[in-house]
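Chemist: Following this message is one structure expressed as structure tokens.
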Amino acid sequence: MAETRRYITKEELEKHNTAGDLWISIQGKIYNVTYWANDHPGGQLPLLSLAGQDVTDAFVAYHPGTAWKYLDKFFTGFYLKDYTVSEVSEDFRKLAAEFSKSGLFEKKGHVVFVTLCLVVMMFCLSVYGVLCSDSRSVRLVCGGLMGLMWIQSGWIGHDSGHYQVMSSRGFNCLVQILSGNCLAGVGIGWWKCNHNAHHIACNSLDYDPDLQHMPFFAVSSKFFSSITSCFYDRKLNFDSVSRFLVSYQHWTFYPVMCLARINLFAQSFLILLSKRKLSTNRGLEFLGLVVFWTWYPLLVSCLPSWGERIMFVVASFSVTGIQHVQFCLNHFSSSVYVGPPSGNNWFEKQTEGTLNISCSPWMDWFHGGLQFQVEHHLFPRLPRCQLRRVSPFIRELCKKHNLPYNMVSFWKANAMTLETLRTAALQARDLTNPVPKNLVWEAVNTHG
């Protein structure tokens with residue numbers, strides 16, 4: 001006798017959208033991942049962001065083919081009634097299958113090896129210059145070289161968080177701790193948690209932590225309503241201090257980016273001290289951060305004067321600020337929205353919320369793969385060396401479905417970002433929407 005399938009409606013599925021009752025749909029089959037969410041390698045937040053929805057496209061983008069065999073143990077026995085697949089999603093899944101069949105997800109090239117060699121070389125040169133050179137200029141250059149080393153180690157950490165860059169999971173974890181925690185002082189656990197949330201909810205003002213930089217920056221006037229961050233679980237208050245800072249954000253953007261490393265240092269410790277579930281080993285991560293905060297201050301202390309020590313730190317922070325600017329260029333000037341992400345328009349939201357940077361192949365090292373942001377967001381597991389290769393296929397698919405494929409030069413992207421910040425800054429200065437003011441605000445904005 002043929003099996004009688006049991007169905008639930010989309011509305012019934014949407015009711016199972018909390019941490020204690022978390023259901024999802026993949027290809028029309030309903031899975032209960034309530035208890036799995038705590039052990040999910042990508043963290044609980046991506047599942048919560050898409051809870052009560054069909055998440056097939058996100059699952060395809062983030063998981064290898066081997067992950068499908070683990071789904072059966074979560075199957076509820078229910079199927080989604082009237083389950084349909086849009087033409088865009090169908091083409092996206094076909095393209096993912098073709099990339100997988102061609103082995104593109106496994107062909108990682110030699111990018112990581114070359115980058116690791118560069119990181120080691122820059123680290124050794126910087127340390128050697130500080131300890132052995134008598135030239136003040138050379139020691140200052142060594143500070144900038146340290147910043148370049150942090151940038152390249154950041155690309156390794158980014159790649160290793162999305163796919164296995166080494167031959168085994170253990171070596172992959174070791175590279176993450178060494179390149180992130182030990183060499184750069186940035187916890188890989190914080191990065192994974194933050195970055196996965198960003199990818200799932202790309203450019204959602206209340207779900208994407210990469211857009212939540214209050215009180216310093218606001219990319220949209222919608223932040224002026226004091227949006228509640230679903231990532232930080234707190235209200236992003238737009239008060240008098242926020243208004244003052246946001247009003248001049250197009251002027252302070254680059255100076256703040258030069259010091260943005262401080263925020264990464266702080267977040268790395270805060271998440272380790274919090275109760276948030278991490279996919280990494282807390283003790284190992286903390287040890288890695290201790291290593292960084294041992295060798296870096298010790299190296300700085302070897303400089304002959306406090307003036308040089310300050311300049312060395314400023315140089316290293318300022319140069320690595322280039323990377324923080326790069327992170328912003330891909331999303332600040334793109335389309336934003338308020339609310340949770342939707343699993344039914346994965347392709348559309350990823351393309352609308354991202355901006356590619358045009359550059360020659362010889363400059364790929366500088367951008368670390370972020371120049372193909374559209375491709376990276378659609379296929380986050382795709383190795384960096386394959387992004388340029390698949391770019392024409394993504395462009396053609398966007399053209400077929402009349403979706404944006406935005407690509408501009410690095411300088412144009414900077415101009416667009418500043419314009420976005422300037423527009424929000426002028427809106428923040430509008431006194432027709434008053435907030436409590438302090439003496440600083442009054443002094444700066446007094447007319448007459």
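Cβ atoms are placed via backbone N, Cα and C, with glycine included.
Because the structure is a prediction, the values reported are computed rather than measured.
The domain 'Cytochrome b5 heme-binding' annotation in TrEMBL covers 5-89. The transmembrane segment annotation in TrEMBL covers 111-131, 137-158, 253-274, 286-306.
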Chemist: Taking pairs 6 or more apart in sequence, does the count of Cβ pairs under 8 Å between the transmembrane segment (111-131) and the transmembrane segment (253-274) hit 3 or more?
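Modeler: In this chain the transmembrane segment (111-131) does not contact the transmembrane segment (253-274) - fewer than 3 Cβ pairs sit under 8 Å.
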Chemist: Based on DSSP, tally up the residues of the domain 'Cytochrome b5 heme-binding' (5-89) by helix, strand and coil.
Modeler: 33 helix, 22 strand, 30 coil
Chemist: Compute the average pLDDT of the predicted model within the domain 'Cytochrome b5 heme-binding' (5-89).
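Modeler: So the average pLDDT across the domain 'Cytochrome b5 heme-binding' (5-89) works out to 90.
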